[in-house]
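Q: Structure provided below as structure tokens; questions to follow.
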Amino acid sequence: MKDSIVFDADLSPLRGTTLAVVGYGNQGSAQAKILRASGLDVIVGNVRDSYWEKAERDGFKVYDIPEAVERAQGALLLVPDEVMPQVFKEKVEPSIKGKDDFLLDFASGYNVAFGFVRPPSNADVVMVAPRMIGWGVTELHSKGMGYPVLVGVEQDASGAAWERALALAKGVGAIGLPGGVAVKSSFQEEALLDLMSEHTWVPVLFAAIKACFDVAVEEYGVSPAAALLEFYASGELAEIAQLMAQEGIFEQMKHHSTTSQYGTLTRFYKYYDQVRELVEGEAAQIWSGEFAREWSLEQQAGTPVFSRLWRLARESSMSKEEHELYRALKRR
Ligand code: NDP
């Protein structure tokens, strides 16, 4: 366990390396600024639009993606996962041809793990995947704090890929600061963990909340506003999540009444086997690449299922009541 957790690293494997941050969005803008503050040489690659202008306003030299990669010895690929395969094939790969030991960094394992991006064998292929949105990264760094990342090495062409990956984790402000930790992992593990949350407890939570709303309103005559405020609109859910992160999933229960603790523990053990079976099925579909193929085909078809399900969700009575309540509360 201890070997897989790293709290600090040496930046020297990246000194003298020009790093191209490709994509100046959520993660790109946050990571580029922190890398520069860490004293590293950073340029930005983007398409010519408002993100390009923002990067220039933030004081970076900005180039079209192929030129930025051409000028660098390493690239942080921070465009959305859906467009990464095409951006990599058309704009990154041609610019690293013939360059030995080029450092390719991904912030998520998905495309490499499932074979949508296949980097050349003479490149170092690493992952520094923040467990946090770009805004959170910036916010913590402004307070002198680090944040958790999963780090992985898919290809070690230079023989120093782990050192370079951990140096990147330090450069982007994840480690070497209070609260920061890098966990040694892999592209495959990161993709599995990321998708497991998205395919299990998040939708099960959404389904449970919607079922609670529907039953309370339709079968017990509860007012929609009371149900929404109880189930999520009050923000209590966010407080519980914060306490889970700070104190632990079971320990935080001490903040709730004993009636609440008894109800939660009895039902937790009652449903565990059923939920575990569901999780095993979803994890198997992720690990085998079945989900990645499903999503790829859905995108190729123009996302008909995705669009229909979004419509269904927006048209549900819960969404309509939420709209009314949020307008009354001036949240919309
Ligand atoms: P964003 O959606 O914020 O990235 C937008 C950037 O990608 C912009 O610079 C945009 O430029 C560029 N871009 C979008 N489409 C294209 C395209 N077709 N060609 C070229 N550039 C394009 O992405 P995120 O920061 O959210 O995600 C980046 C990576 O970080 C992903 O791998 C993601 O999984 C990972 N990650 C994201 C987290 C998050 O909080 N969002 C958390 C942890 C990891 P323009 O619009 O100008 O074309």
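Cβ from N, Cα, C; glycine included.
Unlike curated records, TrEMBL annotations are generated automatically.
So TrEMBL has the following annotated:
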- 1-183: domain 'KARI N-terminal Rossmann' (DOMAIN)
- 186-332: domain 'KARI C-terminal knotted' (DOMAIN)
- D194, E198: Mg(2+) 1 binding site (BINDING)
- D194: Mg(2+) 2 binding site (BINDING)
Q: Neighbour count first, Cβ atoms within 10 Å, every protein chain included; then name which of D194, E198 tops the list of binding-site residues.
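A: It comes out as D194.
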Q: Going by DSSP, how much of the domain 'KARI C-terminal knotted' (186-332) is helix, how much is strand and how much is coil, in residues?
A: 124 helix, 0 strand, 23 coil
Q: Over the domain 'KARI N-terminal Rossmann' (1-183), what is the model's mean pLDDT?
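A: Within the domain 'KARI N-terminal Rossmann' (1-183), the model's average pLDDT equals 96.
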